[in-house]
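Novice: Pulled these features from Swiss-Prot for this protein:
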- 1-25: signal peptide (SIGNAL)
- 32, 35, 66, 67, 68, 69, 70, 91, 110: substrate binding site (BINDING)
- 37: active site, proton acceptor (ACT_SITE)
- 51-109: disulfide bond (DISULFID)
- 59: N-linked glycosylation site (CARBOHYD)
- 65-120: disulfide bond (DISULFID)
- 83-135: disulfide bond (DISULFID)
- 87: N-linked glycosylation site (CARBOHYD)
- 90-97: disulfide bond (DISULFID)
- 144: active site, proton donor (ACT_SITE)
């Protein structure tokens, strides 16, 4: 009887361990936001190749070229604080977007018209704009960059 239980429990244990391992490897929406949009150092954001380098480094040119992306060059705590600022309607109609009170230093990356995967080439543009982010969770943190205005 003990051996029969082992044959039943062992596959169940393997399934549970597989599920735990796969869930540990998943990127949360907040982590994805940080990977795709945060660059607090902004060390070389003035370089014309900044977007080409960062889009590749942050895995936004795998399988296709992401057409538009914004990097924010402010401390993460300041970007998190936007989630408690002016509540605005998101582009998709949802009500969980927030607009920064002040303008922030950002870099706008736009895919050049002639650029095609796998050679993704971006136009780099430094700007000072308000950001609008979608926020979720408790505490509320940014999970999506909605716009820069």
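Each Cβ is built from the backbone N, Cα and C atoms, and glycine gets one as well.
Would you situate these features in the structure and describe their surroundings?
Specialist: Same-chain residues at least 6 positions away in sequence with a Cβ under 8 Å from that of residue 32 (substrate binding site) are, in sequence order, 143.
The DSSP secondary structure for residue 37 (active site, proton acceptor) is helix.
In this structure, residue 109 (disulfide bond) is part of a beta strand by DSSP. For residue 109 (disulfide bond), the number of other Cβ atoms no farther than 10 Å from its own Cβ, over all displayed protein chains, is 22.
In the three-state DSSP scheme, residue 59 (N-linked glycosylation site) is classed as coil. For residue 59 (N-linked glycosylation site), other Cβ atoms within 10 Å of its Cβ number 12.
Following the DSSP three-state reduction, the secondary structure of residue 65 (disulfide bond) is coil.
The Cβ neighbour count for residue 83 (disulfide bond), using a 10 Å radius and every protein chain shown, is 20.
The 10 Å shell around the Cβ of residue 87 (N-linked glycosylation site) contains 12 further Cβ atoms across the protein chains shown.
Around residue 90 (disulfide bond), taking its Cβ as the centre, 16 other Cβ atoms fall within 10 Å, counting all chains.
According to its DSSP assignment, residue 144 (active site, proton donor) is in a strand. Taking Cβ-Cβ distances under 8 Å and a sequence separation of 6 or more, the neighbours of residue 144 (active site, proton donor) in its chain are 29, 33, 90, 133, 134.
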Novice: Taking the disulfide-bonded residues one at a time (51, 65, 97, 120, 135), which has its Cβ surrounded by the most other Cβ atoms within 10 Å?
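Specialist: Of the disulfide-bonded residues 51, 65, 97, 120, 135, the highest Cβ count within 10 Å belongs to 51.
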Novice: Tell me, in order along the sequence, which recorded positions from 37, 87, 135 have their CA within 10 Å of residue 110 (substrate binding site).
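Specialist: Near residue 110 (substrate binding site), where near means Cα within 10 Å, there are no recorded positions at all.
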Novice: Tell me, if you would, which residue among 37, 66, 68, 70, 110 (recorded positions) has the fewest other CB atoms within 10 Å in the structure shown?
Specialist: 68
Novice: Reduce the DSSP letter at residue 97 (disulfide bond) to three states and note it down.
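Specialist: Its secondary structure by DSSP: strand.
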